[in-house]
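Peer 1: Structure below; questions to follow.
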């Protein structure tokens, strides 16, 4: 192989080679980027401006992966206090970067996606809205249970593996959730509960899931087991509720499949209610074990407030809430508009949305179980003319058929809430081709200490 440097031959790198490199950038997943003799390497726990000795882990045709062996120069943006366990598991894959620089990184992710994918550089991307206290914010935890060193342990898997690293302080989870996980772990050890063995397909307890209402403080504990028959449930419940009076719901889920999915189909309420209750922007919500509910309540409120402000609605306006879930965004809009029409393909979520509307005395929000494309076609035939279509899709973004159907409704505005800048930029490009102009872009940090970024954008019909 001949180096780009004229006339100089270089040795092909192989696994376990150690080379000195300078980190020039961060990938969209927060890995350090190093360039060496035509190769691009991705290195965890490495920041721009740092100079490191890198051990080669894998080499592909033009790229590879490495790990830090030694640092020669550290970035001033490095957070030296972070526990490396949070990086190894991916719990906090940006925890080694100062929070101010995390917010800058996330703004850049949005800018880069808009420019590289949609060719947009003339619209201002606002500074990322961040948290005052960017730790211990998650209101939900899902932790695997495995045997480590002969005993039942809870924690997180090492990245790209199913090797459990025991953890007691999860860094970004509500501290009461951490306490309940640790108490349950210790209690089930005393009852000699067998943890799940993924290789042998043996054992009883697969996962512990905990939800906590940010404002209500109510807690739900879900024990995911491989079979219906379990341990001495009454004794376990008694001790948990005695230690944690805020626990108002204990549920068993049975998952007997060889799968990475956390939940199986069957749920059984062992104690208390089927749901917990919490509030967001003044509305109350009943939250089940399966409900999609934003894990960062404080920042979800800021996200929704941004979407409401961008939409700039009045009492005469009609809003279509596509991907309406359990109604959190749509019901937040309902107070300021004539009507909200929500559509969601998951029937259980639609029932939750309808119940949440009733719970809050909201009578101008209507939710249906359907595809958005079919629902919008039906509403158009019924003469419903939305001022705004609100979209909050999964990471894969919008389908072409959805984009076409939404444009056919002729809304003056489309407010797009995104959890993936790349698919957002792709969809914006398509909307621009169909007569909509990008007007506003606001990143919001719902997931501090991680590379994930949410964004609200406003598209206006030209």
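Using the three backbone atoms N, Cα and C, a Cβ is placed for every residue, glycine included.
Note that the structure is predicted; figures quoted are calculated from it, not measured.
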Peer 1: Using only what Swiss-Prot says about S-adenosyl-L-methionine binding by 294, 323, 392, identify which of 344, 347, 373 is listed for that site too.
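Peer 2: Looking at 344, 347, 373, the one Swiss-Prot places in the S-adenosyl-L-methionine site next to 294, 323, 392 is 344.
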Peer 1: Around residue 344 (S-adenosyl-L-methionine binding site), how many other C-beta atoms are within 10 angstroms of its C-beta?
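Peer 2: For residue 344 (S-adenosyl-L-methionine binding site), the 10 Å Cβ neighbour count is 27.
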Peer 1: Near residue 294 (S-adenosyl-L-methionine binding site), which residues of its chain come within a Cβ-Cβ distance under 8 Å, counting only those 6 or more away in sequence?
Peer 2: 280, 300, 303, 328, 446
Peer 1: For S-adenosyl-L-methionine, what surrounds 294, 323, 344, 392 with a Cβ no more than 8 Å from their Cβ centroid?
Peer 2: 292, 321, 324, 325, 328, 329, 393, 417
Peer 1: If you measure every Cα to Cα distance among 294, 323, 344, 392, the residues said to bind S-adenosyl-L-methionine, what is the biggest one in Å?
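Peer 2: About 16 Å separates the two most distant Cα atoms.
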Peer 1: How big is the gap, in Å, between the Cα of residue 323 (S-adenosyl-L-methionine binding site) and that of residue 419 (active site, nucleophile), rounded to a whole number?
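Peer 2: It is 13 Å, counting Cα to Cα.
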Peer 1: Using all protein chains in view, find how many other C-beta atoms are within 10 Å of the C-beta of residue 323 (S-adenosyl-L-methionine binding site).
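Peer 2: Cβ-Cβ neighbours of residue 323 (S-adenosyl-L-methionine binding site) within 10 Å number 22.
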